[in-house]
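Listed in TrEMBL:
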DOMAIN    7-68  domain 'CBS'
DOMAIN    76-131  domain 'CBS'
Amino acid sequence: MRVQDVYSHNAVHIPLSCTLQEAAQQMRQKHVGALVVTENTPSGPRAIGVVTDRDIVLDAVAVGVSPSQTCVADVMSRGISNVPLEASLSDALQEMLSCGVRRVGVTSDGALVGVLSLDDVLGAMATEWSLIARLVHNEREREMTGSVQPPLSV
């Protein structure tokens, strides 16, 4: 399975100048756990980092910092680990593991086109394992009911 089969196509972006409260509101509205942080450049917005729901909770709320008074820049992770759209899920998981992250950017021709999260990978794998379990279950049922077909002879 490849990254292009399971990644989230629409990465949600937020400007560097936004507050943590605004970031949390975006996460809630868009049903995501992370936002790509961008800064304006002459050629348009450029991704410079990621802020997660966990960053907001652990680095701000838990230590008494006001989300409405704190900028995303103060708690975000700078830089984004990226994987190509054509990469295997195994390669993407290895990148997550080596970088210690649960999400990576997905790129096509060097441009960020989405985000792949551990949840995306787990969802895809759960679907695959469910199909395998059904296949095994059906085979056992056929064996138990005696409706196993003899192998074809050639």
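Just so you know, the numbers here start at 1 and follow the chain as drawn.
Each Cβ is built from the backbone N, Cα and C atoms, and glycine gets one as well.
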How many helix, strand and coil residues does the domain 'CBS' (76-131) contain under DSSP? 25 helix, 19 strand, 12 coil
Count the residues of the domain 'CBS' (7-68) that DSSP assigns to helix (H, G, I), to strand (E, B) and to coil, and report the three numbers in that order. 21 helix, 22 strand, 19 coil
